[in-house]
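Read the structure below first, then the notes.
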Amino acid sequence: MNKILKQSPILLLILATMIWGGNFVIGRAIVDELPPFTLAFWRWVVAAFVFIPFVWKEIVDKKEILLANVKFLFLMALTGVAGFNTLLYVGLHYTTSINASLVNTTAPLMIATFSYFLLKEKLKRNQLLGIILSFSGVMVIFSQGSLEVLLTLSFNIGDVIVIIAVILWALYSVTIKYHSNRLPPLSSFAASLVIGTFILFPFFLWENVIVTKETVWSIKSFGTISYVGILASIVAFLAWNSAVSQIGPGKAGIFLPLIPVFTTVFAIIFLGERLVWFQVFGGLMAVLGIYLATRTREGSKKREYISKAEQQIS
C-alpha cells in the first residue's frame, strides 16, 4: 500500500484536499451538537494522542532544541493550532461552509502580504495584481454581491470571523518560514499540538461550565471529533507532505483550489447548501488571483512555505 501511495502523489494531494474540504462541511454540520471550543479542544487532544507516539523518538532526541524554542512553539500553537481552527469553527456557526472555504482560499495571498511587511520579501507586479484580484473576490463574497452591504459594511459576522482566522493562519505561516531552520518539523508540530490543547483547555471549561453551552455526545459528535482529529489533522497532513516531497511545493500548490471545490460538492450533497452567483464569481476571482500571484519562479518560493502552512489547515 505504501509503495502504491509513494507512486501516486496526485492521489495523495486529492485525498488531502478532499479531507480538508470536508472539514468545513463537518464543522458546519455539527454546530447544534458541539460548541466551537469543545470541538477544537477535542480535535487536538485526539490528534496529539494519535500523532505523538509516532514521533516520540524525535521528540526525545530534539527535546533541547524544542525547549530552547518554547516561545516560538507557543506562538505557533496560539495562532495555527488554537486560534485559526477555533475561530473557523466559531465562524461556521454563522456562515455557510461554502463561504468559509472560499474565504479561506485567500490564505496563500495573506501569507505573501505578511511576508512583504514582516519579512521584507519583494512582491512582483503580477503578485500584487493577484492579491488585489483575490481580495476583490472575497469582498464580492462578503457583500453577497450587494453594493449596499459593501458601503454600509453590513457583512455576515461569520465571514468576518473566518477572515480573522485566516489572518492568524497567515501569521503562523510566516512565523514558520522565519524559524524554519531552527526546529525539526514533525516534533515541533507535535509540541504545538500539546501546547495548543493546553491553551484551549480554559476556554473549553468556560464554554462548558460557565456559559454551559450544551454538548450532545452522539455517534455524530464522536465521528466528527474522529474526522477532524485523525483525518483532517494527521492523515491529510501526512498525505500532503508526502506528495510535496515527491513532486515539490510548486506543483502541489496547484491543488489547493480543490479544497473549496470539495467543500462545495459536500455542502450541496450533505447540508443542502446552494451555490449562488456571488460565490461562483467571487471564488473564481480569488482562484485567478492566486494563479496570477504564484505563476512565477518567485511565486514558487512562496508556495514552498504555503505547503508547510497547509500541514494542519482547516
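Each Cβ is built from the backbone N, Cα and C atoms, and glycine gets one as well.
The domain 'EamA' annotation in TrEMBL covers 9-142 (among others). On the 0 to 100 pLDDT scale, the domain 'EamA' (9-142) averages 91 in this prediction.
If you look up TrEMBL, you'll see 12-31 (among others) marked as transmembrane segment.
Feature annotation from TrEMBL assigns transmembrane segment to 37-56 (among others).
The annotation transmembrane segment is assigned in TrEMBL to 68-92 (among others).
What TrEMBL records for 98-119 (among others) is transmembrane segment.
What TrEMBL lists as transmembrane segment is 128-147 (among others).
Annotation source TrEMBL lists transmembrane segment at 153-174 (among others).
Residue counts for the domain 'EamA' (157-294) by DSSP state, with H, G and I taken as helix and E and B as strand, are 114 helix, 0 strand, 24 coil. The domain 'EamA' annotation in TrEMBL covers 157-294 (among others).
Marked as transmembrane segment by TrEMBL: 186-205 (among others). Listed by sequence, the residues of this chain that lie at least six past the ends of the transmembrane segment (186-205) yet keep a Cβ under 8 A from its Cβ atoms are 37-38, 40-41, 44-45, 47-48, 51-52, 55, 58-59, 62, 66, 69, 73-74, 76-78, 80-82, 86, 233, 237, 311-312.
Sequence-distant contacts of the transmembrane segment (217-240) (same chain, six or more residues past either end, CB-CB distance under 8 Å): 5, 12-13, 15-17, 19-20, 22-23, 26-27, 29-30, 33-34, 39, 42-47, 50-51, 189, 193, 252, 307, 310-312, 314. Residues or ranges marked as transmembrane segment in TrEMBL: 217-240 (among others).
According to TrEMBL, the transmembrane segment annotation covers 252-270 (among others).
Below 8 angstroms of C-beta separation, residues 98-99, 102, 105-106, 108-109, 112, 126-127, 129-141, 143-145, 253, 256-257, 260, 264, 300, 302-303 of the same chain, each at least six residues beyond the ends of the transmembrane segment (276-294), sit close to that stretch. The transmembrane segment annotation in TrEMBL covers 276-294 (among others).
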Count the CB pairs under 8 A between the transmembrane segment (37-56) and each of 12-31, 68-92, 128-147, 153-174, 252-270, then give me the winner. 68-92
Other same-chain positions with a Cβ less than 8 Å from the transmembrane segment (68-92) and lying at least 6 residues past its termini are 24, 27-28, 31, 36-37, 39-40, 43-44, 100, 104, 158-162, 164-166, 168-169, 171-173, 175-176, 179, 182-183, 188, 191-197, 199-200, 203, 309, 312, 314
Same chain only, please: residues at least 6 beyond the ends of the transmembrane segment (12-31) with a C-beta under 8 Å from a C-beta of the stretch. Say none if there are none. 5, 39, 88-89, 92-93, 96-98, 100-101, 104, 220-221, 224, 227-228, 231-232, 235-237, 239-240, 242-243, 252, 255-256, 258-263, 265-267, 270-271, 310, 313-314
